[in-house]
Amino acid sequence: MGGVLGMKYFIRQYTGLPYPDPNDALAVTNFHLTARDQSLTTSILSAGTFFGAIAAGDIADFIGRRATIIMGCVIFSIGCILETASTGLAVMVVGRLIAGLGVGFISAIIILYMSEIAPKKVRGALVAGYQFCITIGILLANCVVYATQNRDDTGSYRIPIAVQFLWAIILGTGLFLLPESPRYYVKKGKLEAAAKSLASVRGQPMESQYIQDELAEIIANHDYEMQVVPQTSYIGGWTACFKGSLSNGSSNIRRTLLGIFMQMMQQLTGINFIFYFGTVFFQSLGSIKNPFLISLITTLVNVCSTPLSFWMVERFGRRFILIYGAAGMIIAQFIVGIIGVTVGAPSKNNTSAVSAMIAFICINIFFFATTWGPAAWVIVGEVFPLTIRSRGVGLSTASNWFWNCIIGVITPYLVGTGKGQANLGAKIFFMWGVLCCVSFSFAYFFVPETKGLSLEQVDKMLEESTPRTSSKWVPHSTFASEMGLTEKGFSIGHAEHIGSAEQVVITNEKSQV
């Protein structure tokens, strides 16, 4: 949206201002959307996404993970229709609000779905792929904006908005070809369906020992969690997310706050300032001839850097890359701020200094794209027990979009040059740098290492270690053995789940012979 906000036709369409005379410096300076309109247009989508993510957890537990994502695609498409059809602010805002609801469904439940179906050895890389797809989407959007920026008709902004339909169609259609999450079926007590789903995503026959062992562990873990935090009512289900002691690393409230603050810290790195308002910020530097091209370059850096995280998140672990990624961003952002208030100030018209600022902004993007971008989503998908997982991921995703919305609301006023606005300019990077210091501390003291563990083993690790010792923890038992499933013999076929691991009855006619 940042590129659209800088289009001349879009500005004229939505403000009524005539195109300025290039020789009239004052007219050129004042030819832009007001800070209020920039703030509203950008942030309203995040507001819708916040509420969509909150609602998505309950819906995913009721109708399933797949169906919730497909529903999100439909809602998103309705919003896109309104955005594309708009010729004024009112319809655009309503369209972005509805589209945001759909994005909330999708962004919350995709993480949940991928985490629940992925094998533990590649789960981090697979969830990191989610962030990679986001970066590709941003790049394609910038390419389309770059191609249409000079059109003197509604196609300048309608084409970039309408392109979004394609991805909603691909995602919604593709999900019809994939199985439902086996952990969703276990939560619903449909063990035979869970076995078929697990066999499908693992590429193994239902009768294989591999499938039997993994399903037994999922069932035992779910029953253990149900005994610890029984589900009572709708309100009780939500309050379960906040049960336990803050001093207990495995308590539900600690996990919920971990997810919420993890997503908050990701947004407060300031990365979306660059992608939402980068074009406007680069225009304000004065010496950049083509700010749209610079925005495209920063997006390309984001895309090219993210695949490295597929390897890093599994090689070095989640906690390690979060700590060192925050440190890298702190250094890069303070350098940008220092240059921006000294030799790179707009009044200096120093193109070399501005180029250095852009270089360190790209370095900052590299550190984010390889660490906090994907790893924050990976952690959120891994730390919640099955009983509260959908709501926990929903709350965490809602936190992401809440702070995304806050940034969208306040940033135009922080960097705006109008009366009563802060006009921070490059000084805003000092603010992002300080907030990255907070992110660094948060990762060091509160984020555990979950690399190489199944979702059920993560539960055990949180019970037996602290964030700073978690990387040394190794699995030594299973929930299935502790709950007695392995001693009774566990085979997969027709399944009946009565409510606890002591009452699981699974028979298989072939194994009976």
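Every residue gets a Cβ built from N, Cα and C, even glycine.
The average pLDDT computed for the domain 'Major facilitator superfamily (MFS) profile' (1-451) is 87. Look at TrEMBL and you will find 1-451 tagged as domain 'Major facilitator superfamily (MFS) profile'.
Residues annotated as transmembrane segment in TrEMBL: 40-57 (among others).
The transmembrane segment annotation in TrEMBL covers 69-91 (among others).
Sequence-distant contacts of the transmembrane segment (97-115) (same chain, at least 6 residues past either end, Cβ-Cβ under 8 Å): 44-57, 59-60, 65-66, 68-69, 71-80, 82-83, 123, 126-127, 130, 164, 168, 171, 181, 377, 380-382, 389-390, 393-394, 397-398, 400-401, 455. The transmembrane segment feature in TrEMBL is assigned to 97-115 (among others).
Outside the transmembrane segment (127-147), and at least 6 residues removed from its termini, the chain residues within Cβ reach (under 8 Å) are 3-4, 7, 110-111, 114-115, 118, 159-160, 163, 167, 275, 292-293, 295-296, 299-300, 302-303, 306-307, 309-310, 313, 369, 373-375, 377-378, 381. Annotation source TrEMBL lists transmembrane segment at 127-147 (among others).
Beyond its flanks by at least six residues, the transmembrane segment (159-178) meets 3-4, 66, 69-70, 73-74, 76-77, 80, 83-84, 99, 102, 106, 137, 140-141, 144-145, 148 of its own chain at Cβ-Cβ distances under 8 Å. If you look up TrEMBL, you'll see 159-178 (among others) marked as transmembrane segment.
Among residues of the same chain six or more beyond the transmembrane segment (268-286), those with a C-beta under 8 A of the stretch's C-beta atoms are 1-3, 5-6, 32, 38, 42, 138, 292, 294-295, 298-299, 302, 326, 329, 333, 344, 346, 349, 354, 357-358, 361, 364-365, 368, 372-373, 403-404, 407-408, 411-412, 415, 417, 425-426, 428-429, 431-432, 435-436, 438-439. Residues or ranges marked as transmembrane segment by TrEMBL: 268-286 (among others).
According to TrEMBL, the transmembrane segment annotation covers 292-313 (among others).
Residues or ranges marked as transmembrane segment by TrEMBL: 320-345 (among others).
Residues annotated as transmembrane segment in TrEMBL: 357-380 (among others).
What TrEMBL records for 392-416 (among others) is transmembrane segment.
The transmembrane segment annotation in TrEMBL covers 428-447 (among others). Within the chain, the transmembrane segment (428-447) has long-range Cβ neighbours (under 8 A, six or more residues past its boundaries) at 258, 261-262, 265-266, 268-270, 273, 318-319, 322-323, 326-327, 329-330, 333-334, 336-337, 340, 372, 379, 411, 414-415, 467-468.
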Of the listed stretches 69-91, 292-313, 357-380, 392-416, the one with the highest count of C-beta pairs below 8 angstroms to the transmembrane segment (40-57) is 392-416
Contact set of the transmembrane segment (357-380) with the rest of its chain, CB cutoff 8 A exclusive, min separation 6+ beyond the ends, reads 111, 123-124, 127-128, 130-132, 134-135, 258-259, 262-263, 265-266, 269, 271, 274, 282, 285, 294, 297-298, 301-302, 305-306, 308-309, 312-313, 318, 321-322, 324-326, 328-329, 332-333, 335-336, 339-340, 344, 392-393, 396-397, 426, 439, 447, 450
